[in-house]
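Engineer: Pulled these features from Swiss-Prot for this protein:
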- 341-361: transmembrane segment (TRANSMEM)
- 390-410: transmembrane segment (TRANSMEM)
- 449-469: transmembrane segment (TRANSMEM)
- 490-510: transmembrane segment (TRANSMEM)
- 538-558: transmembrane segment (TRANSMEM)
- 564-584: transmembrane segment (TRANSMEM)
- 590-610: transmembrane segment (TRANSMEM)
- 617-637: transmembrane segment (TRANSMEM)
Amino acid sequence: MLKPERMVRVSVVGPREKLGETADLLHRLNLVHIEEPEESEYFRIGEPHPDASVVSRALVQMRSFISHLKLDPSRIVPRRKFRESEIEAQLKEKLDEYQQLIGERIEYLRSVDEKIASLQEQLNQIEPLKRLGIPARLLKGYKTLRVFVGFVKENPTEKFAQVTSDFEVFATEYEKELVVAVFVKAEYGDEFLRILQECGYREIQVPDVEDFEAKISEIEKEIESLKSRKEQVEKEIEEVKVKEAETLLAIEEYLSSQMDKYELPLRTLVSKYSFVLVGYLPAKALNEFKAKMDANGVAVEVLDEEGEPPTKLSNPAGVRNFELLTTTFGIPKYKEIDPTVFIAIFFPIFFGMMLGDIGYGLLVTVISLYLKRVFKTEGWQRMLNIGVYAGVMSIIFGFIYGECFGPFIVPGEYEPYQIHFIGSQLEHLYEFHHGHPIFDRVEEMGVKILLFATIVIGIAKILFGFALGFYNVYVEHGLKDAILEKLSWIIGVLGLAMIIFGFAYNVGVFYQLGMGPNPGDVPPLPLPGLMEGWQAGLNVYYLAALPLLVVWFILFVMGEVPKMGAMGVILAVELLTWFGQIMSYARLLAIGLSSVYIAFVINFIGMKLIDPVGISIPIVGAIVLLIGHVGNLILGILDPGLQSLRLHYVEFFTKFFEGGGRLYEPFGRIKRFIEE
């Protein structure tokens, strides 16, 4: 779970005449991640199966049909699986049938669309001319006159007048543009054309039409007729889709599988008599794989690793959903720790801490469960499962905080029923806790405690990240590099933590938690003699920070100076970055409080509008509550989700996770519509 699944590198060697059978078996087993081959003196990359081009054309044809029909395999649950022999027997017949039922109709629809576009273009030419009110026969056919008809961005009349007064301009507006017809003696034609071009002239070709009105009516009727026929053909295609969807997808899956197998020689080295391919497979499947290959007359040999093996993530079902978030950031290298389990634990907790509302959490859960029924692809299913986990954690934290569409207890002289539309019911729910939340994050003490808790979480998470980084570097480069690169920062962050705890000790956080003395009895500086009263007690946290920071600096210099020289010492300021990242965890409090106060304001305004004692506008109040909480819910999903991701990607992953691996992609496919 913490490491990708162990892989072994194998070679598969056999007689060349068995390559086809081996391709079938490899595809069926769906185990071997095949490596790209490198040619040698005696082995060359093979050639695809002779039928590959035929299958390729058929596959392109089927995918074209499926694309046009907008068939989504992930959203179709097959009523039965088709046997491969059944598909093979009727393949030619079905391809011809679908070409007639779908292909020819698609071509017809394309021709109809082209005709409609052509007719629409004619309309676009004729309608502006109709607006001018000049018959087509008067707009062309002159020997001594030049006629210009088209669109312009500005009226050119004044510019024409500077050339000659012997011209006529007819102009009118059409769809926010100016349409003009210009008549001028031929001798001024070139000059007028230049002026028109300066005015943004776009010519309109004048068609041979006697009556614009009649022609427009004729074209519109023809367009309507074509659209009607198009709708009829689309209905016919839809009927084929409903009836043949599963068969279409089964044939596409069969052809895709055949294409994979026919192209396997391109990933295989062949000689005159034999073939060899190299790849990786899970170590636990090696014995079974060898047995099946031996039975097929093909040898399997385990090879030494070369380069980086592919990564096959190995996580339990619940954790597997969060692989989506891990691989979005990067794919773990083969020998790296897989951080998926940590993001599976902490992402929902952080989301719940920030949103922390029973009502919002319930909506997130219900919406995610509903969308799982709509979006069936693996990616959507995983993301929506994460939404369910996050929603459940929000409900749990919401119960702890005592919030359901906002708080029902706030500082001030307000009764729950005055500030919340179900305030009385919530107060009754918490009778076991004297009508108050288990933990109130709105009141002053709750804010201080939660702020301190988030900083402690930040310290622990960053230290844990560096500990994982220590392991990764130790595995890759050895103990010395791990100590200089990661242990040094663990010690440095511990020093920072002592300073933060010392400050909290001084300002009385521990005192308020019942874990320390009154801050008035604690000197702000750790060294005796610097101020009166030091004998009352020393701040042990500051004292502990000093040796930790000294040890950190020594290890840091030992690690950086050999690599970068004296300039490497300057990088010690990076310790302040870790301080900023520790404080960044305070967003677990800040984001949540912003959502709480927005919900409080929405409820307060809504209840004031509904309250019969004041200005009673119940409908407006209900609208305020509805729109306000919908908007706050959207913010409550986006902000905690993004901020929780950021705390993992930036503050946590960067301490140990390099990424850059490549996913395990075995040769073969999981078949949903066909079976052997």
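Every residue, even glycine, has its Cβ placed from backbone N, Cα and C.
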Engineer: Same chain only, please: residues at least 6 beyond the ends of the transmembrane segment (449-469) with a C-beta under 8 Å from a C-beta of the stretch. Say none if there are none.
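Structural biologist: Non-local partners: 337, 339, 342, 346, 353, 439, 441, 485-487, 489-490, 493-494, 496-497, 500, 504, 509, 512-513, 578, 581-589, 647, 651-657.
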Engineer: Taking residues 6+ outside the transmembrane segment (390-410), which of them lie with a CB under 8 Å of any CB in it?
Structural biologist: 347-349, 351-353, 355-366, 368, 416, 419-423, 426-427, 430, 435-442, 596, 599-600, 602-603, 629, 640-641
Engineer: Below 8 angstroms Cβ to Cβ, which residues of this chain, lying six or more residues outside the transmembrane segment (617-637), approach it?
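Structural biologist: Here the qualifying positions are 355, 357, 359-360, 363-364, 405, 421, 595, 598-599, 601-603, 605-610.
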